[in-house]
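Encoded as structure tokens, the structure appears first; notes follow it.
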């Protein structure tokens, strides 16, 4: 994970800023984490990121950059930092297509208070700096997600959306999130690595539905699937079309009624908001498509169960192989060797479509980098005497997986065992909770942290994220954590979410245990307030590392819960190892009763 020299890029960007009378611009960096926001002035550069990436950012950013650690006391937010730089009439520029309308409004207000100006620049200056180095946009074909996996036809999904538009008295809805477009039309793509989506927009009104996509990406079976019910328009036509459509529908609307508006997701871009006519003509809301997508139907839930059984078998085969290579064969393997072997094993299983994210194969101190990505030639050799953390997942035609297991192949330290067991206890506590309908992931987060907190320990990431069905491995709007958004959406039957507490000591080791769980209705002796009560069903089928468990910290009830889980893991995955004695013996050992 080498530092990236950004001096030339920054110099080129600052030259473009000067030509366009822009004093401050967002964003460019040499940072590869999935969550970061960068701001460049004529003499400064700052990157803001959350606790998952502090360690990674410190390793990757060169001396040109100031790192703003989100959530740390006395560290300004990136908005505050930007507004401070704008003091005295400075102009802050941004490509409006890469910032949400809501974020743009908030930042514009802060900048205005400091006497500055927030300005949309329709050409992306970062792209101009990137120029010929920028990879070509993918041209892979779109595929149909058959109803045997999706259950519900796209016509029915569009009808449901129109009912929501009618309730809200809206002129139409612009679908701007790629996974929402894919889900709505029962289509999948491969334009974004690991995410089966394709570059697209969609516009649905009470009488029409239009898909904006490069038509060359649509083979005949996709066109037949869509039929004559859907209009296909070029991807680049979206902004011009919605401007014209918005004007036409507003002019045709009844002037005696309350003025109807276009509906957009609260994650839609400022550029889309502007194209529709601005705040006066747009109502931002949590996406009704995203809400529907997050509630899986029974076919999708069964697909998630089945793909996690296959994926669990792949992980057990990999962990058995890795232990044998390191301990018995004394092999020298680096972190990428491990990740490559795991992918090779996964590929053998039915309906495998690819990985769902870069495999985090990390040994020792690298395991403390929460979203670590090993690179060949730069990564570490796997040390059998150190913690090994593997966070990985796959895309299958019937579902998406994401599992983290932390292992030790020799003799862990007392602290490693204690930390692992505290994390495991938190993982189980969350999975076993029962809660009334209407409870949010924000309210449940502390359950996973309680045993760490009791020791004065914690972790700097959320406890859970939603997961798609052969879609994005990180899916909103639900999640479990302390983010404000997780306090706004209740967990519902059919949601699939991760349960992944952890603990990390920079420069030493990292621990994370992640199971995928599904929200279901549960029986309780009473139903206070006449509300249904909900709980979780685990679908991950991979053993915990018994070598890292401090049995003295577990209650008898917790041991019973683990034993029942391991019995289920063995019963559901052992059939894959009838001709694989090595993995079968490993699985028997790891799932033996505590």
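From the backbone N, Cα and C atoms, a Cβ is placed for every residue, glycine too.
Fair warning: this is a prediction, and the values are worked out from it, not measured in the lab.
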Candidate from 414, 488, 514 that Swiss-Prot assigns to the same Mn(2+) 1 site as 402, 500:
514
Same-site Mn(2+) 2 binder from 391, 506, given that Swiss-Prot records 402, 514:
391
In sequence order, what residues of the same chain, 6+ apart, have a Cβ less than 8 Å from the Cβ of residue 391 (Mn(2+) 2 binding site)?
359, 360, 402, 403, 404, 512, 514
Tell me which residues of the chain lie with their Cβ under 8 angstroms from that of residue 500 (Mn(2+) 1 binding site), as long as they are six or more apart in sequence?
404, 427, 463, 464, 512, 513, 514, 515
